[in-house]
Structures are given as structure tokens and as C-alpha cells.
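Marked as CTP binding site by Swiss-Prot: Gly8, Arg11, Arg91, Arg137, Arg140. Annotation source Swiss-Prot lists ATP binding site at Gly8, Arg11, Arg91, Arg137, Arg140. For Asp21, Asp23, the entry in Swiss-Prot reads Mg(2+) binding site, with the evidence type sequence analysis. Sequence annotations record features per position, and here Swiss-Prot assigns domain 'HD' to 228-329 based on sequence analysis.
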Amino acid sequence: MRIYKVGGAVRDRLLGRPVTDIDWVVVGASAEEMLAKGFRPVGADFPVFLHPKSGEEYALARTERKSGRGYSGFTFHASPEVTLEEDLIRRDLTINAMAEDEQGRLTDPYNGQKDLEERLLRHVSPAFAEDPLRVLRVARFAARYAGLGFRVAPETLELMRELSESGELQALTAERSWKEISRALMEDQPQVFIQVLRDCGALAVLMPEIDALFGVPQPAVHHPEIDTGAHTLSVLLQAALHQQPLSVRWACLLHDLGKGLTPEEEWPRHIGHERTGLELIKAVNERFKAPRECQELALLVGQYHTHGHKALELKASTLLELLQSFDVFRRPQRFEEFIAACEMDARGRLGLESRPYPQADYLRGAAEAARKVAVQPLLEQGFKGPQLGEALRLERLKAIKAYKEQHAP
């Protein structure tokens, strides 16, 4: 029995990055031997065991053979005769196909170290094209390591393009796709994930609503970058630079989908894109079964982001309607995330990344003014039921009007 540290732990140590999760592969052992040593089986599809003390995952060396469509269409074979090299060749990228023994000696049969030095994301073997999920994984790694100068090797991008055209991407489950998408959006440069998917044709298959934004112009006076797709990528980058949560990043990605439906004769204006984009946002949300908080925020940001930008011009009644749409008195955090998404949208414009966004504090102030209205005096005046709700609305409206007068430009 020989035990090796494999994959990301080896890669990140060589890159000088923090190592969080460690995966181990066991060569020359059977499942019975692992059980005899106190390891606990957890793998449903192939032999994976938890270490009796550390709880880390140990997998028996295995080979795999394509036997059906999609991510799960594989037959696995694990036995003591499977070599380390045979186990490593089934992995996606050369930089993930290195192993270290217990003395720290490196095994690198597919030149992963060379590709690390050359900053290349390169597939290990032609079998890469058998697993459509790898298109998303490579794009995610590109987003993670873009800051270190990594790029996808041309021949790997070509394989990804073939996979995108094969129909295999449609076999991916919503859950597997969302897991990769959500992880990619939380990387330091999530816009690279979208760009790589576009470069290989996968974006047009998985998220055609976003792909359709590229080449659609916006008014240069508001958007010096002009292209709606380029703007979306910039907004996503700003969300990452400002360390926004997943829900905000997802909303930033989807906020302008309606612009892809604007007839060409109306370009570069996009009147009503907030409303026309809602069905598209719903479709993308449902396609990937995004978490409820991500779905809700994406729809609200899509519908109301222009309100956010025009906050200082809105009537008091419109401001109150906006606050009520977000259920701000019970869910203040969601309104904060809306403000954040609006600010990222404003900053995602060429040359305007550092421009102040006074709308943010103005919206917070309006919400706070309305929140300070007390219910108890209205109860003491005898209001109840629907009359109480209307009286409370009028008092909040009065408070917002006073706030507007105090903060008039």
C-alpha cells in the first residue's frame, strides 16, 4: 500500500498558495484492506474512505471509462493493480495530475510542473472531452488563477469548443452546473469565467441570455464601454473587487438581460429593459435551480436597478414603494444587497470605476427615516387592521418627504 497526496493540494503548494483541502490516493490496496485499517467507506460510486483520525478523504486508485452521456456517464474500476500514473491520467488538467508521496517526492508524469511555470491550463489526455463538466471547471480555474497570469492552452480551448458543440453540455444537471457556477462567481476574477465560456462556445449553450448581450451597444454618454456584454463583465469584476456575496454577484451577472431583447432599430437606447428582462432572469434562475435568495435578489435588481441610480430624483411615494418591494422593514439586508448591486453596476463603466455613488447613502437614509416611524402611537389612536397599515404607510411617506427636503440637492 502506497499513499500519495494528489491534485489541488500539490498544485497550490507549488504555487505558494494556502492549501485547504487535501485529497489522498491509495495505490496497491483493496477496499477490504482499508476497512481493516479502520477507514470508513463513504463513496457511493467508487471506493472513497475517511481516515479514522483526520477525517480526510482517501480514494483507491482507479481508472474510468466513458459509458454514457454527461457527468455521470462513466464506469469506474478500482483494484490494487491500478498504477498511480493510470489514476492521474483520468484527471482534467496537468496541473491537477501531480502527486506527492509521504516523503514529499513529486510524481509528475504529464508535465504539470512545466505548465505551472508556463501558466497554462492544459488537459491531461483526449479523455478530457468525455466529461462536459470539465468545461465549467477549466473556466473556473481560469478565473481563480487569472491574477497569476494563467490562460487556457489553445488545444484545450479547442476541446472545450468541441464539447460545447457536441450537445454533451445539455446533459449536465442543474445541481452540478450551479455548483461550478457559484464557485466560479466567488473567485477573484469571475468575469474571466464568463469570458472563457464565451470563447469556447459554452456560454451560448448554457446561458444564451448573457451571450446575447455581447455586441449590443449602450449610449456612450452613460456607458463609455458601449458594449453591454463588456459592461456586464466589468460589473461582475467590481462585485469581486468589493468582496460582494454570491447573491449580489449573481444579480450583477443577470441585471441587464433585457437589453439583449431590444430591437436593433432602437439601439443604443433600451427603454423598459428592466421589465422585459424579468422573464429571462426567471428562466436562468430556474435552469440552474439557484438558491432562493439569489433568485429573489436577481429579479429585484433586474426590475429596480434604474430606480437605484435615479434615487435622488424619485418622488417620496416612489421611494416608499421601492422600500416596500424589498420588504425592507423585515429584511433590511436584502435592501443593502440591492444597493450594493446598483453601486457595482455604476462602477462597472469604463473610466467611472472610482466615481462616488451618493445614491447608496441616500437610499439607506430614506429607509432609516421610514423605519423610525413607530407603530405604538397609531395603535393608541385606535388604528387597527387595514386602517393601521394605511396610517403607517402615510406616516412613513411623511417621514420620507421630510428626509427628501433635508437632503435636497
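Numbers run from 1 along the shown chain.
Here the Cβ of each residue, glycine as well, is placed from N, Cα and C on the backbone.
Quick caveat, the model's predicted, so the values are computed rather than measured.
Distance between Cα atoms for Arg91 (CTP binding site) and Asp21 (Mg(2+) binding site): 17 Å, as a whole number. Taking the C-alpha positions, the distance from Arg140 (CTP binding site) to Asp23 (Mg(2+) binding site) comes to 19 Å. A gap of 8 Å separates the Cα atoms of Asp23 (Mg(2+) binding site) and Gly8 (CTP binding site). Surrounding the centroid of the Cβ atoms of Gly8, Arg11, Arg91, Arg137, Arg140, where the record places CTP, the chain contributes additional residues within 8 Å, namely Gly7, Asp92, Leu93, Ile95, Asn96, Phe141. Shown are the binding-site residues Asp21, Asp23; of these, the residue with the fewest other Cβ atoms within 10 Å is Asp21. DSSP gives Gly8 (CTP binding site) a helix state. Arg11 (CTP binding site) is surrounded by 22 other CB atoms, counting those within 10 A of its CB over all protein chains shown. Cα of Arg11 (CTP binding site) to Cα of Asp21 (Mg(2+) binding site): a distance of 12 Å. Here Asp21 (Mg(2+) binding site) is positioned 8 angstrom away from Gly8 (CTP binding site), judged by their C-alpha atoms.
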